[in-house]
């Protein structure tokens, strides 16, 4: 595929935020998984990507003529503490290409080796975490949730030393961009307002061109990002997704989910659900995600204040008013999504709100599996109550709720279109990654097949729809990606 061309727009327009760098040589690259559907959408030949030259591209060891791989600079608040210089410590932006729909897309490597931003790290990644990101990001895409995509995972043949010696790997990731709130924080901390302005103009052109001609395009950018993030967080909440590390460097300007390190899907409904081993205070718990998103957006607004108005007081007022809309956008998206999950899309929101509040309390008090409940409720919409009733200990309380729900009308077929049968359940993810680390990719491939077709129940996949057995115990995740 000799005609492949990768642009270097980010590096060209924002050289202060890009360090030209090369991926470390992979001694024995071996393709583990390739996303044929995504490759086709990008105009890439999947057969060529499987060739030795294609695999070398996927690890960054052979790039097209004219391509300028760079490590991107960004800052960020990590668990509330500000770090002025983070950046791509083990990642590289190979460049941008235009996909079949005319959209510019980043082609990005993760685990490609030490960069100037690596600090004490080795810049490498292991097979398990890279396969994990591939699996979960593609599941999120199948669920209709904006996300970075995964093109491939390649084992490098290089050992990676962690608590033990693991097999190294590189993830080839595709995204609308890798611009983050932390990108703006990095630009702002330099004190160079012109750099912040150029970054904002780059973001507008890339993601929100509709605001370019507005009276205040920079305020328009902020409002657009607030709206996109409100929609995104609501979609997370609707499927029980817990990101786990909502630092400002992990909040995108595009409104896509990024960085799947300690993420997981909630089993039994509980707003205090935390999986990350490093989130000991529950900062990024499931129920805290909307407020954390608003906090992150406030940090974004701080970087844009000089662009909003020369008068700092007026700039702050503009920012506060715009940020205030985040909560309204989020609540609107969440309410509409929950109405769809309950089959009540034609019912007025005020009639649904008390029903939803009561339901969430019942789910929490009875320790009900979040995903299983909504699929079982779809059966109740068709007249089969027993599967969903069988989930509850407090039958009297649930039966009363069920009567109230039935009185509002319901649409079981519509419910099945939005309530997944299959999500990346934590015990199945661990099972698949353990097998893959031992050289057996079949469990990974079967799980991937299930979660990338999440809404249609299929024979032979019953265990992929079931909650974890009690013996699985309390789940903890680690930031391996």
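Cβ atoms here come from the backbone N, Cα and C positions, even for glycine.
Database features, via Swiss-Prot:
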type     : residues                                 : note
BINDING  : 87, 89, 90, 110, 122, 123, 173, 180, 259 : ATP binding site
ACT_SITE : 249                                      : active site, proton acceptor
BINDING  : 250, 259                                 : Mg(2+) binding site
Taking the residues 87, 89, 90, 110, 122, 123, 173, 180, 259 listed for ATP, what is the greatest CA to CA distance in Å, to the nearest whole number? 23
Is it possible to get the count of other C-beta atoms within 10 angstroms of the C-beta of residue 173 (ATP binding site)? 24
Around the Cβ of residue 250 (Mg(2+) binding site), other Cβ atoms within 10 Å, all chains included, total 21
How many Å separate the Cα atoms of residue 173 (ATP binding site) and the residue listed as 'active site, proton acceptor'? 17
DSSP-derived structure type at residue 173 (ATP binding site), helix or strand or else coil: strand
In sequence order, what residues of the same chain, 6+ apart, have a Cβ less than 8 Å from the Cβ of residue 87 (ATP binding site)? 19, 71, 72, 73, 74, 115, 116, 117, 186
Please work out the number of neighbouring Cβ atoms within 10 Å of the Cβ of residue 90 (ATP binding site), leaving out its own Cβ. 22
In the three-state DSSP scheme, the residue listed as 'active site, proton acceptor' belongs to helix
Near residue 249 (active site, proton acceptor), which residues of its own chain have a C-beta under 8 A away, given they sit six or more steps off in sequence? 74, 75, 76, 77, 78, 86, 180, 181, 182, 185
